[in-house]
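> Please find one structure pasted underneath; my questions will follow.
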Amino acid sequence: MERIVNQSEMQEDFNSELSLRPQKINEYIGQDKVKERLDIFIKAAKNRKEALDHTLLYGPPGLGKTTLANIIAKEMGGDLKITSGPAIERAGELAAILTTLKDYDVLFIDEIHRLNRNVEEILYPAMEDYALDIVIGKGATAKSIRIDLPKFTLIGATTRIGMLTSPLRDRFGVLCAMEYYTDEELKEIVSRSALVFGCAITEEGALEIAKRSRGTPRIANRLLKRVRDYSEVKSNKLVSLKEAREALELLEVDNQGFDKVDNKILEAIIDNFNGGPVGIETLSYFIGEELGTIEDVYEPYLLQKGFIIRTPRGRIASDKAYEHLGRVNNSKSKSNNGKVQGSFFDK
């Protein structure tokens, strides 16, 4: 069973996200700095009758990268073509996609850091010169043919900008860092989504869902649907603070947006390893989760919120973790004042 607080897209998200997506940049909630920059760049490109510079959107999953790509395509008057790094296995597949584009179209490549290197090299002339270099024949008879491409915009999305090669990263003219949303921004998103769903909700109910959504609109909309279900069965269909709290407690999503596995990790570090440090492999074995799952799924948000600290010797529980679980920290010297080390997006 998938986690309801999983930031990555789940099957149930696909259709609902389509209906909830804003169509214009001024309808997009949150990411104010990103919106302001993109609005200026889009207007400037349209005034010059040029395509928008190739754009890289990076940050945690679920923050609206695909939605922004769709908005950019609409603002530029082009179509949006969506694919992903893992889906393009051969250079010919990417070439086929590129040759179907028209002027001002947007090609959106999700997880662009996972592109095959041979495929990636096809992008270099496409991004720099709007051209595609194709080699025909083999050996001494081989010759290169250049095919002109339309003036399109490539939008790459990644959760790990540090994994992009320098040649690819340097070819993006616009780089936008997507940040976690505030509770107030998420409350606005929840209220808007409730209107689309035909669900009555109070401000307090919307804020309670927002607070437990891990700064992520995708999770907020997912929780809203489950709270709506609870309210329709258990009460008068109005999602109030009471219904929101009861539904979220039933879903085992606490007031920090943590689920039972998040709390299990914190409990293991504090109760079984005296607050740490504990090696990630030992922690993985102890809680029964794969090492990669802990590093990629659970740990990033706990690090970002400052509940655990990553050190060369292992993971340490911060003062916030002790407070959250109602424990007394008898080894505060280990907590390094609760500061999070490093950036987990650049691993």
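Even glycines carry a Cβ here, placed using N, Cα and C.
Okay, these came from Swiss-Prot:
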{"type": "REGION", "residues": "1-181", "note": "region 'Large ATPase domain (RuvB-L)'"}
{"type": "BINDING", "residues": "L20, R21, G62, K65, T66, T67, E128, D129, Y130, R171, Y181, R218", "note": "ATP binding site"}
{"type": "BINDING", "residues": "T66", "note": "Mg(2+) binding site"}
{"type": "REGION", "residues": "182-252", "note": "region 'Small ATPAse domain (RuvB-S)'"}
{"type": "REGION", "residues": "255-347", "note": "region 'Head domain (RuvB-H)'"}
{"type": "BINDING", "residues": "R310, R315", "note": "DNA binding site"}
{"type": "REGION", "residues": "328-347", "note": "region 'Disordered'"}
{"type": "COMPBIAS", "residues": "329-339", "note": "compositional bias 'Low complexity'"}
> Based on DSSP, name the secondary structure state of R310 (DNA binding site): helix, strand or coil.
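Where R310 (DNA binding site) sits, the three-state DSSP reduction gives strand.
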> Check each residue in the chain of Y130 (ATP binding site) that is at least six apart in sequence and keep those whose C-beta is under 8 Å from its C-beta; list them in sequence order.
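Residues satisfying the criterion: D148, L149, P150, K151, F152.
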> Measuring Cα to Cα, tell me the gap between R315 (DNA binding site) and E128 (ATP binding site) in whole angstrom.
43
> In Å, rounded, how far does the Cα of G62 (ATP binding site) sit from the Cα of R310 (DNA binding site)?
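Given the Cα positions, G62 (ATP binding site) is 24 Å from R310 (DNA binding site).
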> Go ahead and report the DSSP secondary structure tallies for the region 'Small ATPAse domain (RuvB-S)' (182-252): helix first, then strand, then coil.
52 helix, 4 strand, 15 coil
> For the ATP binding site, please report the maximum Cα-Cα distance among L20, R21, G62, K65, T66, T67, E128, D129, Y130, R171, Y181, R218 in Å.
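Across L20, R21, G62, K65, T66, T67, E128, D129, Y130, R171, Y181, R218, the widest Cα separation comes out at 37 Å.
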> Considering the binding-site residues R310, R315, which residue's Cβ sits among the greatest number of other Cβ atoms within 10 Å?
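The most densely surrounded of these binding-site residues is R315.
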> Sorry to bug you, but what's the C-alpha spacing from T66 (ATP binding site) to R310 (DNA binding site), rounded to the closest Å?
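Answer for this pair: 31 Å between alpha carbons.
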> Just jot down the residues in the same chain as E128 (ATP binding site), at least 6 apart in sequence, with C-beta under 8 A of its C-beta; none if empty.
R171
> Same chain only, sequence gap of 6 or more: which residues have a CB within under 8 Å of the CB of Y181 (ATP binding site)?
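Expected: I29, G30, Q31, L63, I189, S213, G215, T216, P217.
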> What mean pLDDT does the predicted model reach across the region 'Head domain (RuvB-H)' (255-347)?
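Its mean pLDDT is 82.
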